[in-house]
2 protein chains.
Amino acid sequence: MAWASAAIAERVSHLLGDSSENVVVISITLMVALLCACMIIGHLLEENKWMNESITSLILGLCTGVVVLAITRSTNSLVLEFDEELFFNYLLPPIIFNAGFQVKKKQFFRNFVAIVLFGVIGVFISFAVIAGGCGLIFPALKVQGLEIRDYLALGVIFSATDSVCTLQVLSQDDTPLLYSLVFGEGVVNDATSVVLFRAVESINLVEIDVFTILEVLGEFVYLYFTSTLMGIAVGLASAYIIKKLYFGRHSTDREIAIMILMAYFSYMIAELLYLSGILTVFFCGIVMSHYTWHNVTESSKVTTRHMFATLSFIAETFIFLYVGMDALDLDKWSRSDVTVATSAGLSATLVALVLIGRAAFVFPLSAFANLISRAPDTKISIRQQLIIWWAGLMRGAVSIALAYNKFTAISSINATMITSTIIVVLFSTVVFGLLTKPLVLWLLPPHLRSTDDSEPSSPKESDFYPDIQVPLLVNGEPNGAALMQNNASRQVGPVTSLRMLLRARSSSVHHFWRRFDDAYMRPVFGGRGFVPTIHEVSSEAALEAAQH
Amino acid sequence: MAWASAAIAERVSHLLGDSSENVVVISITLMVALLCACMIIGHLLEENKWMNESITSLILGLCTGVVVLAITRSTNSLVLEFDEELFFNYLLPPIIFNAGFQVKKKQFFRNFVAIVLFGVIGVFISFAVIAGGCGLIFPALKVQGLEIRDYLALGVIFSATDSVCTLQVLSQDDTPLLYSLVFGEGVVNDATSVVLFRAVESINLVEIDVFTILEVLGEFVYLYFTSTLMGIAVGLASAYIIKKLYFGRHSTDREIAIMILMAYFSYMIAELLYLSGILTVFFCGIVMSHYTWHNVTESSKVTTRHMFATLSFIAETFIFLYVGMDALDLDKWSRSDVTVATSAGLSATLVALVLIGRAAFVFPLSAFANLISRAPDTKISIRQQLIIWWAGLMRGAVSIALAYNKFTAISSINATMITSTIIVVLFSTVVFGLLTKPLVLWLLPPHLRSTDDSEPSSPKESDFYPDIQVPLLVNGEPNGAALMQNNASRQVGPVTSLRMLLRARSSSVHHFWRRFDDAYMRPVFGGRGFVPTIHEVSSEAALEAAQH
């Protein structure tokens, strides 16, 4: 052993010399080792009230950055550089797809109006507040070199709620309403940001007329419509292919491969066509979980569910590590020539504007949503509004990626903008992130939360153990009546007749969809109860034998 | 719909214009779409006697190459370029790891002597034949510009059996002995190739003395020893971490993530330390399936098994597509200035040398292995020898990657060597590959195969359905006695007393390992029967609820 370890030590020291050829291997090894460390530390800290996985990863990334800087004597920041392409093409899609795949669909569509309000109108309000605030305050801080276009870009960059952060601090099981609102908003506002960002870059700002505004609005409608449609189309295609091709001759590995590949395909084709890949892959996930997932073997069901969750989990951890390491890119810090005081002032301004910008739409829009809300149990209480406001404050990798995209040119002011973005991201993720869990506990203690959960906990899905198959949804309407009764009995406030009427309508939309789904969609695309449970004795037995 | 599709068409045509910025997005989208197509076509052709997945992918890759060339009017070969880094860092590890994870361990270790013989001595013989043959024949074909070092490199490049191809044509279930021999040889000879390649590159060829030869031999021993040890160490570490950390508080997604990350880490750390990553990750897979896999939850077991198989499947398909597309890299074809006749002559020579080189070691070494074999049921019959010879003839992406690595400089002769490699790879994969399935059927018809299967089909592993847990291996010796009886009753030839003695010794090695494993390893690292079956009601129930 001794000589082997000596030889290894000799090789390591040799390696540190020629860092040119092996940079890729070194950085992959380092990242994988750090990811392992994050998993283990995250597990150990899981019970901790304050910490969450993103903060652990961020801090570990920062520490690694310090160590790397110390070892390379401040010369090597190459290993750590943030790569937009890596982020958007490889890390983001699995996270958003998994969110769509695991989202509580009923809860999500119940709150659809509020989600769209937040995700579309909300971003506009926040954008206006932040862009306007920067335009007013930055000149006072003696920051020169920014044009109107840059202020507008800052508005977009800091208006995008980071859905990845939201996933980390809000729990779908504990606070389903809040989760679906904040996360849904995060997905929808990505599309809004894409359009806004493109509009800011391309529109002639001097001559804005009605026609330009209409054009931007048309672009919005086009983008939402096509992105969603694309996601649904790819999802349905996957369901159809698996249902048709694999009937009677299933192959677990091939099914899983097709699901992964088609999910990824939906994102890439949307990006290729300048749509919102995030919106597309999210809807693809929803459709896949509703149809495709029910057409595959038992093993595929277990595998896909956990595989997508695991890939998403690794990607999330990777992103936070990455952001943490990137924060120590000395090159950018040295290029920015503003004083520490100015830099602090800029960052503080941005954080304040983010706080105000979000408050400016969460409270008014919540009130509006409550006003038009059909079902009383989707009303957003003031405590919930506070959490929505707070949980969406975190800015993450999306902001950093947009900032890198916008402030590419090598200049002092651009470097300053990037370092300010990094400070805001670190501050908001760590400070706001640390406080979110305690805040949720304080504002919504577990005994209050039951009124929040409008969705009854679903009966144990017996799909995994095919012997005890319970035909839950086969006969058209599932346990809808029970659900309504359940909600009614939980009701605390007065139930007016108007509300009753509205609720009946909302329930009838759901009823109509169920009937349409059962009559036209499920017979073609499969889904629960429409595909006989698939056993795959032979291939499974072969695999078992292989394990001997 | 019409306006949407018109808008999409407009965008696509716009895209084809600016191919500079979107090349990455386009090529990812294209690759993912092609992978989907391969999966679907592969499924449709599964029953076909001739085709296998690798040939389908290769042909689809070739067709795509033609289409891309036609669309871009022979200008764009960028989308298709073969990237060594992508191949070795991302595509190869999942394939080899999965092979180790799913390999029949008992079968593999029974034939260990033969595997090492083939993988070490065999590669040397094949290397000598091919290098010598090229040195003799190439000058006669009037190919100039190659040095002795280049001939030696060609010997290495064309001696490496492609384990990926082997996986595709031989079935572990139908022909377990052949599979373990040919595939095991492929894994071991990777390490041999690495050392040989490095030796060829670095050794002073003019002054070869005893000391140099001893040095190379020492390097070999060092490499096999440390690579294997590294794999075992990382595998055991993963088992220990999961056993210690997760006891009583399991988290399926985190367990799976740790398994994936540590498997990948074993490969990367080996590459970083100039070891054989393939050997390391293969042994890591074996250890993980023996210990780690038994320490996780039921869902994790199902998920990891299928997830690794699926990732490996996608990577394999990707490689063949890639090789097919790469074959049409016009740049290289135009740089090579030899005539078509010379090119054909070169390729034919190489194919012939590959055939001879493999024959030169398979038959003598099989005879030798039969001579020293302890158990009569591991004897290699002449029909089996023919299949071993034939199934290992395919040269694949490893050869291409080595050729790119060696012949990097831009010169006519280097381009010729690369195009010749591509021709040999295409020819061997398609022609030899097409003929392998029928050959196996012809030489070993199913009724003959039973004598080949020395491993009794394992009893249904009941780990998935924890209620019917059968303590197979808990009491020290499993069904070893039954196994011996089973083999004895199947015996056809005469059983001499010497053979009985040898077989008793072989069985005692296994017995000793079992006792050591039960007494020292399993209590620390877990494994079947040493970790109570883990249910994870809470997280599973949460996931079920999420699906509603």
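Glycine too: its Cβ is placed from the backbone N, Cα and C atoms.
Some features that TrEMBL has for this protein:
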type     : residues  : note
DOMAIN   : A:32-442  : domain 'Cation/H+ exchanger transmembrane'
TRANSMEM : A:23-45   : transmembrane segment
TRANSMEM : A:57-74   : transmembrane segment
TRANSMEM : A:86-103  : transmembrane segment
TRANSMEM : A:115-139 : transmembrane segment
TRANSMEM : A:220-242 : transmembrane segment
TRANSMEM : A:276-294 : transmembrane segment
TRANSMEM : A:306-325 : transmembrane segment
TRANSMEM : A:345-365 : transmembrane segment
TRANSMEM : A:386-404 : transmembrane segment
TRANSMEM : A:410-435 : transmembrane segment
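Across A:23-45, A:57-74, A:86-103, A:115-139, A:220-242, stretch A:220-242 shows the highest tally of CB pairs under 8 A with the transmembrane segment (A:276-294). Residues of the same chain lying 6 or more positions beyond the ends of the transmembrane segment (A:86-103) and with a Cβ under 8 Å from any Cβ of it are 163-164, 167, 172, 180, 183, 187, 263-264, 267-268, 271, 277-278, 281-286, 288-289, 293, 304-305, 308-309, 311-312, 315-316, 318-319, 322, 397-398, 401. Listed by sequence, the residues of this chain that lie at least six past the ends of the transmembrane segment (A:115-139) yet keep a Cβ under 8 A from its Cβ atoms are 108, 146, 148, 151-152, 154-156, 158-160, 180-181, 184-189, 191-193, 196, 220, 346, 349-350, 352-354, 356-358, 360-362, 365, 368-369, 388. Same-chain residues lying 6 or more positions outside the transmembrane segment (A:386-404) and placing a CB less than 8 Å from one of its CB atoms are 82, 84, 87-88, 91-92, 118, 153, 156-158, 160-162, 164-166, 169-170, 175, 178, 181-182, 185-186, 190, 193, 197, 319-320, 322-323, 326, 354-355, 358-359, 362-363, 366, 380, 417-418, 421-422, 424-425, 428-429, 432-433, 435-436, 439-440, 443-444.
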